[in-house]
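S.K.: The active site, charge relay system annotation in TrEMBL covers A:K129, A:S204. For A:S228, the entry in TrEMBL reads active site, acyl-ester intermediate. Annotation comment: TrEMBL describes A:74-558 as domain 'Amidase'.
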Number of protein chains: 2
Amino acid sequence: MSWQQIASDKKARQLDTVPRDWLAPNVPPATQLNVFDFPQKSGVLSPLDLEITETPVSTLLSNLGSSKWSALQVTTSFYKRAIVAQQLTNCLTEIFVDRALSRAKSLDEHLEKTGQVVGVLHGLPISVKDQLNIKGLESTIGYVSWVGQYAEENSVLIDILESLGAVPFVKTNVPQTLMWPETFNHIFGRTCNPHNRSLTSGGSSGGEGALVALKGSPLGVGSDMGGSIRIPSGFCGVYGLRPSYNRIPYAGCVNSLEGEDSILSVLGPLCNTLDGITTFFKAILSKQPWLKDPLVIRKRWSEDEYNLIDHGNGQKLCFAIMWDNGVIVPDPPVRRGLEITKRALLAAGHQVIDWQPYKQNEIISTVNAIWNAGASEDYNTATTPSGEPVIASMGLLPEGEETELQFRPINAGTSAFELWQVQKKKRDLRQEYLKHWEDTISQTGTGRPVDAIISPMAPYTAPPHGLNWTAEYTMWCNLLDYSAVIIPVSKVDQSLDVKRPRSEFYTKEDRDNYEKCALLPYASMDLTDPQKDHPATHENAPISIQVIGRTMEEEAILAMSKVVDEALSVAKSKP
Amino acid sequence: MSWQQIASDKKARQLDTVPRDWLAPNVPPATQLNVFDFPQKSGVLSPLDLEITETPVSTLLSNLGSSKWSALQVTTSFYKRAIVAQQLTNCLTEIFVDRALSRAKSLDEHLEKTGQVVGVLHGLPISVKDQLNIKGLESTIGYVSWVGQYAEENSVLIDILESLGAVPFVKTNVPQTLMWPETFNHIFGRTCNPHNRSLTSGGSSGGEGALVALKGSPLGVGSDMGGSIRIPSGFCGVYGLRPSYNRIPYAGCVNSLEGEDSILSVLGPLCNTLDGITTFFKAILSKQPWLKDPLVIRKRWSEDEYNLIDHGNGQKLCFAIMWDNGVIVPDPPVRRGLEITKRALLAAGHQVIDWQPYKQNEIISTVNAIWNAGASEDYNTATTPSGEPVIASMGLLPEGEETELQFRPINAGTSAFELWQVQKKKRDLRQEYLKHWEDTISQTGTGRPVDAIISPMAPYTAPPHGLNWTAEYTMWCNLLDYSAVIIPVSKVDQSLDVKRPRSEFYTKEDRDNYEKCALLPYASMDLTDPQKDHPATHENAPISIQVIGRTMEEEAILAMSKVVDEALSVAKSKP
């Protein structure tokens, strides 16, 4: 069977798993870019389904715990909305309704019989990126060769989520290889941004970003090796946490670049509330995940650190804004997001200074050198069995054309010793950056170094498909292993976010970004665009910021993000 | 200048740094194997010097804090004894008397002026392995090419030790490349075992092992990538801790195989008391080392974990003894050490079961494959500038012969991708071993899995120079990243430790070890031995055990080691 046949068979099997009466008959045409109003109009969701799926995690959990809503009801409501989201954005991979509903039912029985919840996530449906194995299901991460490989065991995180009472209910789409900041593969196709379907959802956890944004899932699990949680969170306008290496158990997942032990991928949550993110993180740690995955750091949730003992108990914090990274100046809406945040924090009585970028470009090239050392062999090993080509572009190309494009540069033939030299450089960069951060103590006036950095998560808001060409605003945190939270701030407003004249540029990339991408209509760009009849702009794209703490500072960065988020709420509520 | 000249110049400079009146005139001849009585007889140490250097760390610290003894006095006493130890075992590299004494003096002045100690290690002399940089001094780790390279900054650990009030006062010897479990290099020569100078001190922290055993230092800092703290601790009869990756700051040290990010070297203490080990570890963490070295895990000392909250509060512990690793059966004295420990623990009311080895051989070959991936290039890079050969044997060979020997096998030309595949296997082995450990819950009767493993640290006690041919009883903990403490138990007794008939063997290595090394006089072995006139046996060699906890369980393994150590003391005190 050709790889194309295997892929289309799998896609057909996927459709077969969807209950017919959950399919909306009147899906809007591709020309309707913003689809946020459709769940209400779809006819699939009852008023109760809509109420449940619009409810934040904390209220969901208390209503589940009090039996106001059954787990079966809540799972059904989110499942129906997830299927609608799938019709709108193509965000799902594995759909397993019977299994999820039967698990929800058994949770209800347990609660009824014992009067006790199974755990702190009792009855909460959770979506997971396709990498997470669920026994008996496939985890293809978009590789045709992996179709038909059914997991023999759950990933450790699935086991832990179940022990907490959660209900894993769908798996979500990714780009082939996972190593793209957009979401497209030969099996499941492309995931679109629900705010504007001509824009990318981001990636690699793009399925999660689109699904959570549309409230098809109350809480999703993504992974982040170069920004893969933060980019879709930011582009889709939801909260997302990139934890430090080895706090959330990764064991039992499938992955790319396995065995690359230097810059690690991490799992983390996406959610419509920051509170949901914190609930997830705290719940996982409460299960002592180091007893299930030997790589997980033996460190319990620290209430002291959440109370900001290392940050003057949160009384007066000093944030530093990295307006740009010294390589590319972000587009106007991104800057506006930072300005809104600055004003909000100052109004809340905190200190805000400027963050000086430090060797940001060198950091990015070091990350690339480490990944590229073995990436080519890794991708070829995964694609060769089926004959599927390694995808060369995330753009909207005519079918069959992508195989002829140049693949992004890969340093084939790197020796282990050469890799060690780059990894040594990485270590030195981490050491230098720590000093750079510690040295800010002289500028803060708090007696401490800067408490958290606030940075763009990309130099632009969600771009059209195929145009998310750099992940440099997220990748630096992966090398430095900084904890980071994405917070949605606003949305693109063409009247406010106007392009201003610039004549000096840091780099060629800076100029290109300014000239090509900054709020110009898609149709006017010099690109082969099969969908050029749908003139895409950044219209309606979310504006998000990244709040960055040090390595293993998850507790503190969640608390400081709450400070930021509440300051933004207060600012929004004022005229 | 030839590498031989550079080496002998450096050695001559070393001798020049020693005050003449600290050199004992009557050093025993090489034929005197056990030199433990010599410090008393040397004439260099006054009765007060002897009293001070025989005092355990806890009492030293309280006498320093109360000004009973000045830091200057204590540093001088240990320095004199260290120089005697140097004459006996050749354990030192850098000697810097003026600097250390002047620092001690300034600590005394501070205490006198303020009434306060500088920190919890106020006035305590500390010896450090040659890898630790001290500003203005060399760190050659036995590479002739590195002679004359003076450190521009302190290692982070030196800064932290100084901030705690400690007095770094000597640096100690290592094998060239660090990657040997013995201690010999072309610059400083060979470090002998003070219990029996025809035996190895072990390595690579062999200088520390010999120095601390002779009480030439109250506390030493070594490093452990495959057993390099534990082997010299065990062979020289002192306590030693191998902490998990990244708990003690390594930044600013020189090293071998830099950039190898998968199986990491760690720093840790050697001491004549377990209490000293715990004091050191707790003191370093109190300084929040993650603010100085970005790789250090942000985890404070946990008093809860030291109180064994994860181990039933220490009420009834279950230890499991690994009598052998399924590859090589240890020699009779090693087994006797385990038997003594078992009886002591049972008498103290604890549970003792057998530990089933699990893929121990596969673990060792995986470690080797990872290190060897780039080791050859690494060693060549360090030796080429001077023309010094890479040392091919730790044996006592006629001068010049070593260059013609076969170097131990190195897989040259490993690609980064191939390295990743081995690292992936390593991850899987860690996962399997965790499950293996967790599964012991069915055998313990405590409701918990085994609390700690007790294992040999080598299949033999200290062997003659050049015959420490395997580190497999320590290396497995480096791959699994298990915390481990070495505890001295007894000494070889030729009347008790008799060779028993065996006819079945696990492996060829098992048979070879049985036939060649087990308590046979050195002279009867089939080896080219230039010192064959000194018939060496294992006479007087220390017998030690290894107490092993899980990753990041330093607090718990120190507490459980105390349980073991106290049980051994009680057992010893009974007839």
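Glycine residues also receive a Cβ, built from the backbone N, Cα and C atoms like all the rest.
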S.K.: CB neighbours of A:K129 (active site, charge relay system) within 10 A?
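M.R.: By my count, 28.
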S.K.: In whole Å, how far does the CA atom of A:S204 (active site, charge relay system) lie from that of A:S228 (active site, acyl-ester intermediate)?
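M.R.: Computed Cα spacing between A:S204 (active site, charge relay system) and A:S228 (active site, acyl-ester intermediate) is 5 Å.
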S.K.: Sequence gap of 6 or more, Cβ distance under 8 Å: name the residues on the same chain that satisfy this around A:S228 (active site, acyl-ester intermediate), in order along the sequence.
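M.R.: Spatial neighbours, sequence-distant, of A:S228 (active site, acyl-ester intermediate): A:L178, A:P181, A:G203, A:S204, A:S205, A:G222, A:S265.
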S.K.: Limited to the domain 'Amidase' (A:74-558), I'd like the whole-number average of pLDDT.
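M.R.: Averaged over the domain 'Amidase' (A:74-558), the predicted model reaches a pLDDT of 93.
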S.K.: When you measure from the Cβ of A:S204 (active site, charge relay system), how many other Cβ atoms are you left with inside 10 Å?
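M.R.: Around A:S204 (active site, charge relay system), other Cβ atoms within 10 Å: 36.
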S.K.: Let me know the DSSP-derived helix, strand or coil state of A:S228 (active site, acyl-ester intermediate), please.
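M.R.: Reduced to three states, the DSSP call for A:S228 (active site, acyl-ester intermediate) is coil.
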